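Marked as transmembrane segment by TrEMBL: 12-34, 54-72, 84-100, 153-175, 292-311, 323-342, 354-375, 387-408, 420-445, 457-478. Annotation comment: TrEMBL describes 225-258 as region 'Disordered'. The feature compositional bias 'Basic residues' is assigned by TrEMBL to 233-246.
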Amino acid sequence: MIHWLKQLRSAFGVAFLWLVCLIYFTQGFRSFVWTAVSYQLKDRLQLSPSASQFVFSVAFFPWSIKPLYGIISDCIPIGGKKRTPYLVISTVLSLVPWLLLGLDSTSRSSSLYLMIFLTVQNLGSAMADVVVDAMIAEAVRLEKASFAGDLQSVSWFAMAVGGICGSLLGGYALTNLKIETIFLLFTVLPALQLLSCALVEEIPASNEPLPELLDSNGFEEKSNDEYRDKIKSNTRRRKGKKKGRKGTNNVKSVTQKKKSKSLASQLFQSLKAATFELCRAFKQPIILRPMAWFFIAHITVPNLSTVMFYYQTEVLQLDASFLGTARVVGWFGLMVGTFIYNRYLTNMTLRKSLLFAHIGLSITILLDMVLVSRANVIYRVSDKTMVLFGSALADAINQLKFMPFLILSGRLCPPGIEGTLFALFMSINNLGNTVGSFMGAGLASVLGISSGSFENMFLGLAIQVFCTYIPVLFLFLIPKEATGVSAL
């Protein structure tokens, strides 16, 4: 373990690893403050499950447009740098809303104001996530590609540790502290992240145009030799044109200045080129097909997590402290899932691992059905045991499903649009989650499931189990021989 960490430190540097781990730790620690938001909506603002779902869906929408942040950071350097300035901006956007929510009672007492501030906060968090993902994609490209899985594992481990700490402290904080105090305490991490941005040295972005990306068959980059030959050829032509024109150099210089593109025009052309290259890369079957499957896997399975939260707190009478403990167990499950995948499953084909994952997910929903039917009481299994075991199993299986795509997408990011392409993949995932949540809210509405009325909860879960197997029918979209370490 120590030797492994030393290798990563030698490959990427202490400052880079610290910043990556801190950002991911903060992402995980968000459970500390978002648990308080859930209770703020439910108890203080007294919103219904569907209304709470709407607030969360709107607030998390910035995670569904991550390619926009990627395109901007890839194409519009600030001070000659493409990453650290945007990391600073995003951190400020993450910090200020929690500060205002903690200090201003009006902002947290209105569902509209709360939704706006939460949306701005998620805008900053999503942008920071895009930037650090791009930095990781750049770091593991070329000679450091062998560290791709290791760096992703470190990132997720840091997020899991943050989630464990946030969940443990979140339950305790809700019992012993005011919600506004919780909001203010959370600002410590974004503030530390802001200071840490100064530790990372970024090489100024070059003004070279985006290289040709990938061909339609093999995803191979255009050869550097051909690119150099073009540069040399262009240089010789320019030198030839210069001969015999020394007397007109001053006039030509003035003309060139008049004809030079404005900064805005250059930025537009850069954004246009990045968008074009993104579309080219996205249309490649090795990227498009897995992304299409992953999106289908989300939108075909209704998400009833918000309804289950209301059921657990109203019917089972589970308190905030215990639910925080359940999230801790879930984060341990995520860590176990990450370890199992990297240790044993990296060479398994994606089709097989995703099939097993969906079978496992259906089992976790069956556990919820047992809980709702109260069959566990007959066999003297406590509600808390069922919730803890189900949380750990669900998070572990979801991670087994997610890890292959993280590694594969990171390795397929071509130079020039790392942030954009990786963000597009994650946005499809987030948008799918959002659509799945709306479908869950719609299913709950059709079945008449609401606060204080959970008679049809069992039927809703049964429908969810059935829907879990729909994505299995579309596994043909996944390349037959693709694994977590190979695109082919």
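For all residues, glycine too, the Cβ spot is worked out from N, Cα and C.
Within the chain carrying the transmembrane segment (12-34), a Cβ under 8 angstroms from the stretch's Cβ atoms is held by residues 94, 98, 125, 128-129, 132, 135-136, 139, 144, 147, 151, 154-156, 158-167, 169-170, 173, 182-183, 185-186, 189-190, 192-193, 196-197, 199-201, 324, 327, 331, all 6 or more beyond its ends.
Listed stretches 153-175, 292-311, 420-445, 457-478 were compared with the transmembrane segment (354-375); the greatest number of C-beta pairs under 8 angstroms is found for 457-478. By the Cβ criterion (distance under 8 Å, sequence gap of 6 or more), the transmembrane segment (153-175) is counted as touching the transmembrane segment (323-342), at least 3 such pairs being found.
Sequence-distant contacts of the transmembrane segment (323-342), counting only residues of its own chain at least 6 positions beyond either end whose CB sits under 8 Å from a CB of the stretch, comprise 28, 31, 35, 149, 153, 156-157, 160-161, 163-164, 166-172, 174, 309, 312-313, 387-388, 391-400, 403-404, 484. Most Cβ pairs under 8 Å to the transmembrane segment (292-311), among the stretches 54-72, 387-408, 420-445, 457-478, belong to 420-445.
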